[in-house]
Amino acid sequence: MNSAIALGGPVRCRGFSGDRSPKPIKHEPAKFKLPSRSFQLTKGNCTGSLSSGGYPPGSGLRNGSSLVSGFVLPSRIGASSNDAQFGSFAEDKDVEAPSFFEFITSERVKVVAMLALALALCNADRVVMSVAIVPLSLSHGWSRSFAGIVQSSFLWGYFVSPIAGGALVDYYGGKTVMAWGVALWSLATFLTPWAAETSLWALLAMRALLGVAEGVALPCMNNMVARWFPPTERARAVGIAMAGFQLGSAIGLMLSPILMSQAGIFGPFVIFGLSGFLWVLVWLSAISSTPDRNLQISKYELEYVLNKRQQPLVVENVPRTTVIPPFKRLLSKMPTWSLIVANAMHSWGFFVILSWMPIYFNSVYHVDLRQAAWFSAVPWSVMALMGYFGGLWSDGLIRSGTSITLTRKIMQSIGFIGPGVALIGLTSARSASIASAWLTLAVGLKSFSHSGFLVNLQEIAPQYSGVLHGISNTAGTLAAIVGTVGVGFFVELVGSFQGFLLLTSALYFMAALFYIMFSTGKRVNFEEETD
């Protein structure tokens, strides 16, 4: 059908600008071309069918706008996502799926590569203290419990920012908020040597500032992936971004002892801090917030992303009246709580392993600091690789017809049950090499969570993905604080790291069961109160 619009029936709308009938909207040039196909308005308050495509000469309309019973709807409509929505696209035949070469050379891969670099810096900056804490504890006479408090000071700030940061991401977009976040956490990292030489309170405050800034990193990543990638590529995109995150752990753990031996305890803080400032300059000059604002993107890639993204009508042209999301409605749904529990358990295990494994290998297996850092770094490198392949497998399951809900539950089950079993094996390891193998298995399988709850955030609430990530991340940070500080006190009271690892294993199994019971891959209606 190549006419401007063919009506399959009368269109009745409520909710456009609060009126019960549509009002004429001024013709505006379209920002992009909609595919030549029919759409069904099915969501919320609108019924009726329409199709878009080429427009007859002299109509005064350009491709990308749609005419509904005499009213022009621009390509971006100022309506709530619950007022109108394009129906699901079963299989768009107008734009073929890209080849592997086309994918890796695309603009969207440049975006996710920059996100991966940012997350690598994010984790490298935080993990330096996991290595530096050993010589700092020796020089200052800190106990295990006090070292845990110093380690957790990062999490004090990280606890504050995710919800506010998520709301800012949803309001201003991932590009702007990510730039500010990286700049601020790089400054905090760069100034850590000065703070450590000034006073203990200054050191704790600077680590807390690092946490505040890094709290926006994952919400920004989720926001940019949702804008740039269609659903069939999102798990892969998250896998690439999170591979950078895990490589940051490996890089920080392996390079920190080397840099400390050459430039002193605080050498890594200065180098990683300066690297962050360089990243911000490249990000602001080379990356756009959305595909349709990118000047280098090809027509083919733009059409492919917009066709396959399967998003509802987007609110972009109408100014937003509030930045405060509907917290009560978000927390009234069990799928939200499945994400909160999953993030809490993921963060508990992540920070316990990240913060304490160098000390664990040093105290249990009596290896020196450089060897301890190496044994702790290898698992994160494997996690980066397995996370990417987990994303490929997840996307492949969805393309083959497996439901999104089942796919997410499979991925998350592997991401929790796998580490739970591996930690049991770690407690019985008799040598550092065998312990590192068990730890590698635990961390590698843990990466499947990136194709589980982490992608699930975008699916159940794309319009609130940033703040939803912030809510779940806050719960995760609270769990991480309890876990990180708890290890130190537990070891002092019980005298064993192994007991805490067994506790963590049991928590993994319970979290997996909760996620399986209450998660969903379908979009959840957060616009209505729960009865």
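Sequential numbering from 1, following the chain as shown.
Note: Cβ is positioned from N, Cα and C throughout, glycine not excepted.
TrEMBL annotations:
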type	residues	note
DOMAIN	111-523	domain 'Major facilitator superfamily (MFS) profile'
TRANSMEM	154-172	transmembrane segment
TRANSMEM	177-196	transmembrane segment
TRANSMEM	202-225	transmembrane segment
TRANSMEM	237-259	transmembrane segment
TRANSMEM	265-286	transmembrane segment
TRANSMEM	337-357	transmembrane segment
TRANSMEM	377-398	transmembrane segment
TRANSMEM	410-429	transmembrane segment
TRANSMEM	435-455	transmembrane segment
TRANSMEM	467-491	transmembrane segment
TRANSMEM	497-518	transmembrane segment
Two-stretch contact, the transmembrane segment (497-518) and the transmembrane segment (410-429), at least three Cβ pairs under 8 Å: yes
Local confidence of the domain 'Major facilitator superfamily (MFS) profile' (111-523) - pLDDT mean: 84
Cβ contacts under 8 Å made by the transmembrane segment (202-225) with residues that lie 6+ beyond its boundaries: 111-112, 115, 118-119, 122, 125-126, 129, 150, 153-162, 165-166, 168-170, 173-175, 177-178, 180-182, 184-185, 188-189, 191-192, 194-196, 234, 237-238, 241, 289, 454, 457-458, 465-467, 469-470, 473, 477
Proximity verdict for the transmembrane segment (337-357) and the transmembrane segment (177-196), three or more C-beta pairs under 8 Å: no
Contact call for the transmembrane segment (377-398) and the transmembrane segment (154-172): at least 3 Cβ pairs under 8 Å, seq gap 6+: no
